[in-house]
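Asker: This is the structure, below, for whatever I ask next.
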Amino acid sequence: MNLPLDRRRFLQAASATGAAALSGWLPAWAQPVSAGTTAAIPELGGEDISLRIAGRSLIVDGRRAAAIGINGTVPAPLLRLREGQTVRLHVSNDLDEETSLHWHGLILPTQMDGVPGLSFPGIKARSSFTYDFPIIQAGTYWYHSHSGLQELMGLYGPIVIAPAGDDPVKADREHVIMLSDHSQMHPRSIYMKLKQEPGYFNRQRQTLAGLLKGKDQPLAERLRWAAMRMDPADISDVTGAVFTYVVNGHGPADNWTALFRPGERVRLRFINAAGMTIFNVRIPGLKLTIVHADGQAVRPVEVDEFQFAPGETYDVIVTPTEDRAFSIVGESVDRSGMARATLAPRAGMIAPVPPLRPRPVATMRDMGMDMSAMSHGAKGQMDDMAGMPGMDHGMMAAHAQNNPPPSGDHGAGSMGMRDPRNAPQVRLGPGVQTIAPMPVDRTGEPGQGLADAGHRVLVYRDLVAFDRNPDVRAPARQIEVHLTGNMERYMWSMDGQTMSEAHEPIPMRAGERVRVTLVNDTMMAHPIHLHGHLFELVTGHGDHGPRKHTVNVLPGGKVSWDVTAIPGDWAFHCHMFFHMAAGMMRVVQVRPMEGEPA
């Protein structure tokens, strides 16, 4: 995979009877062929921790593949730390290539953040490095490589940090539930196939037979999408066609099992460590009480299901009272497969696994069009734009530069799918397929495919910080960043510039309050992660806005958050691995205020 130099530097340096009874109705991927395993992820703790990174093989559902692990395990060991301690992590690299470890969600000195070529030089082959930093927070986090393709090959692990005092979340026992996606195909091959044909892994496209049966979209809507050269069934770039969805490194057939005693309060620490998969999580028969989001305490909220994207974490309390098993289901957002585990009083038990629900299709709302607000004239304008044969991206960009909007009309915008007036800071070119004409705040929506779930699904606006936020100053200025791309060419960027094209970082001053608004101009979801910071989502909760380090921006939507800038050079990127690899990444550079010492 030949990535442009700057980006390449960032990524390189950057029971049998029971089973038989169920087999008549369970899909093949849901049939347990194991009596179940209760093996937990190995744990490490203390102030000095040794981690050895090396290649190994991984067996998932009986199939062996090459992987990269730490201390011989995939996932890597669970690091149990305590707020207030200092930790020294001695990392040895036994690989024949450079490696790194990034501590996702932790507030730490920039030189310890673990991004090669930005915050430190990386860990050369057959060498070592010691990360040394104070632990100033509590909660559920994780760590992973920020070099090459290593994260996709299993180089990730969980972090649990106990609070300095008593934990306000009371539970009788807890389990880490780390969801990810695993493939027999090498990540480099996956990326090459996406560049050659972005829909290569989509096996759920709309068909003529489906149209004749009245499934999915009617003909007129299909024609509109075809005119825009977009596939509304393309919900995920990489799907269950090549992925096995795993829990703590175990495939569905392994029947990984978390134990409980009836009546116990069980804390489940969910971590989405997938490279490319958004999961819909539920435990049929149990209510889920959300108590932490991205490691931060929130006021408890009871739901039936939540959707979370790569990089996000949720802590959930469940209280099973029956002496029976429950299925833990992590269904991929495109419904092409699921991660599956069991919550049970005893090992070897299984529970019914719900079938995959019908896969969703994108709507015009996912294209940044508020259909309720569209006039017929605007809709016609959109249709005219969509119908232009063979859109000349370069000519349109030149037209935008040579024909600026009339004076006084900059804020009006239009319903055109690529009108520069809707995002004047975006550099138009072949990498920008669309600009959302009417992006809306979608933090009150449950995520793609869950609007008609028939039960309560968590939305970002449900999250309210348990305590008043430490910095409640109003932001002094605002920054708007557009998430841009061209799905047909598999190009991803911010403001129309890839990482290698953006010669200037996003500047901030240490200690200043900034409101950042992310606008998604594409029809794919983008979980955006800012290293080294926690920000407060602007969702109407004032001083109790939920604090997060990763937020999923829905297609055609926008999200705003306030942040207090911390000195350093920080990676700012989409946590869909291949989106980041293709260029959806920037650097936030935070320097002291004028007159203050560096």
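Every residue number used here counts from 1 along the chain in the order it is shown.
Here the Cβ of each residue, glycine as well, is placed from N, Cα and C on the backbone.
If you look up TrEMBL, you'll see 61-163, 239-330, 475-592 marked as domain 'Plastocyanin-like'. As annotated by TrEMBL, signal peptide applies to 1-30.
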Asker: Quick one: mean pLDDT on the domain 'Plastocyanin-like' (61-163)?
Answerer: 98
Asker: So, by DSSP, how many helix, strand and coil residues make up the domain 'Plastocyanin-like' (475-592)?
Answerer: 9 helix, 63 strand, 46 coil
Asker: As a quick check of your reading of DSSP, tell me how many residues in the domain 'Plastocyanin-like' (239-330) are helical, how many are strand and how many are coil.
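Answerer: Reading the DSSP string over the domain 'Plastocyanin-like' (239-330) gives 3 helix, 50 strand, 39 coil.
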